[in-house]
Amino acid sequence: MILQDTIVALATPSGAGAVAIIRLSGNEAIPIANDVFRSVRSKDLNRLKTHTIHLGHIVDGDKVLDQVLVSLFKNPNSYTGEDVVEISCHGSTFIQQQIIQLLLRKGARMATAGEFTLRSFLNGKMDLSQAEAVADLINSDNEASHQIAMQQMRGGFSNEIAKLREELLNFASLIELELDFSEEDVEFADRTQFKELLNRIEFVLKRLIDSFAVGNVIKNGIPVAIVGEPNVGKSTLLNALLNEERAIVSDIAGTTRDTIEDELVINGVGFRFIDTAGIRETKDVVESIGIQKTFEKMEQAQVVLYLFEGTKFQELGYEYLSEIEKIKNRFPLKPLVIVINKMDLLSETALEEIKQRLSSADLQLSTLFIAAKNKAGVEELKERLYSFVNTGALRNNETIVTNTRHYDSLLKALEEIQKVNYGLQSNLPADLMAIDIRQALYYFGEITGQVTNDELLGNIFANFCIGK
Ligand code: GDP
Ligand code: ZN
């Protein structure tokens, strides 16, 4: 992959804003910019120092396109490691396009998606997992996933892997050295130390692999299913939680046939709500498809909110309790919150009666009473939801793996390390052990980018937006 040419793209979001930044990177970035820039003090950009800002105009022949600020970053001290020029112009899309077109005519090429970051990686400015964190950061829409991406970008997780890889590499060389002396019975690699290293690596790999479950959920939002019979107030509750009129509320039972997904952020963690049709027995075909969907959604959800209407619960209590029992049997490990809605319609005695019934079924702790319509109890419900989040790892600022590609490589690396460990215990010949170690090193390298190929790079950087 040879990247010598000069690329250009808008670095700020497309559309109109107060200012926009157009970024050029490559060998010709400064001469190309100089060609279209008239400095207020008639300075030549080629002769100016790195990390300086200059006021002037972008001109196309005699025509002045815009007044701009030009920032210079000379290689290697730039984002890409190449010469970089950033032109801050006025925000109209018309001006942006005029300037970009002009730069293209002067010899720059339109950057492809993620190409600035790709160059940064290829020039050793960041490793692969950091580059991927840039993509995650661009896409993160809640504080927790932003925090993880920032940490990864600072290199927390790849540093750890790179260090272990180096130690392992060291042992690999010693063991391979032993092969050259196979006639004599020598051991350059201290087996006790080696065993200790393998255990340490196994521990780190397992922790990172486990973190993926937390990381994945935080990155994508925690799925919460809101389940209940038609008309119990699922859509109203969803609206109350989201504080908007997004879901459809109606008085006709069974209206919410399709599922609606929406996200709410509680204390920096995203929750995705899935409003589903109820699970009432029915002969209506459309609705029984809905019921099937409900079970599927419950399966996917991390938390289930099971809604009941207060007055109906008082009436049909025992039936409902057996329904709850059924769900608990079907999903024994899933956190279930029983939500009794329309509390406002319940008399004092009715409320007591329901509470007694719940406590005799040992369900009082999993139950909340709300009135979704008046938003009563909705805050408590939010707190309850947040209590199901495993935020320990976040609070301790531990490394969290969010990337499927890293996760796959970590799993494979662990498998190889376990093979090596087993080989060590069963006195496997050094040459066979060396093969497994090499394989483990390969997977470690996949994560940090010491081992790459064009296809892998293509896949990763294609997910970026252009200009990054
Ligand atoms: P869904 O079918 O479960 O989504 O139920 P909806 O959210 O569409 O609500 C059905 C009806 O119950 C609507 O007329 C709501 O206004 C009403 N409703 C929802 N929550 C409450 C509540 O807390 N108290 C009262 N009195 N009515 C409610
Ligand atoms: Zn609804």
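Cβ from N, Cα, C; glycine included.
Keep in mind it's a predicted model, so treat the numbers as computed, not measured.
Features as listed in TrEMBL:
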BINDING   R23, E86, K125, K468  (6S)-5-formyl-5,6,7,8-tetrahydrofolate binding site
BINDING   N231, S250, I252, T255  K(+) binding site
BINDING   231-236, 250-256, 275-278  GTP binding site
BINDING   S235, T256  Mg(2+) binding site
DOMAIN    221-390  domain 'TrmE-type G'
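Distribution of TrEMBL features across the structure.
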residue : record                                              : DSSP (3 states)
R23     : (6S)-5-formyl-5,6,7,8-tetrahydrofolate binding site : strand
E86     : (6S)-5-formyl-5,6,7,8-tetrahydrofolate binding site : strand
K125    : (6S)-5-formyl-5,6,7,8-tetrahydrofolate binding site : coil
N231    : K(+) binding site                                   : coil
Which of these binding-site residues is closest to S235 (Mg(2+) binding site) if you go by CA atoms: R23, E86, K125?
R23
Report the same-chain neighbours of E86 ((6S)-5-formyl-5,6,7,8-tetrahydrofolate binding site): residues 6+ apart in sequence with Cβ closer than 8 Å to its Cβ, ordered by sequence.
A11, I21, I22, R23, L24, V70, S71, F73
Return only the integer: C-alpha distance in Å from N231 (K(+) binding site) to K125 ((6S)-5-formyl-5,6,7,8-tetrahydrofolate binding site).
57
Since the record lists R23, K125, K234 as binding-site residues, which of them has the fewest other Cβ atoms within 10 Å of its Cβ?
K125
Whole-number Å value for how far K125 ((6S)-5-formyl-5,6,7,8-tetrahydrofolate binding site) lies from K234 (GTP binding site) (Cα to Cα):
50
Using CB under 6 Å from any atom of ligand 2, narrow the binding-site residues E86, K234, S235 to the ones that qualify.
K234, S235
Considering only the binding-site residues R23, K125, N231, S235, which possess a Cβ situated under 6 angstroms from at least one atom of ligand 1?
N231, S235
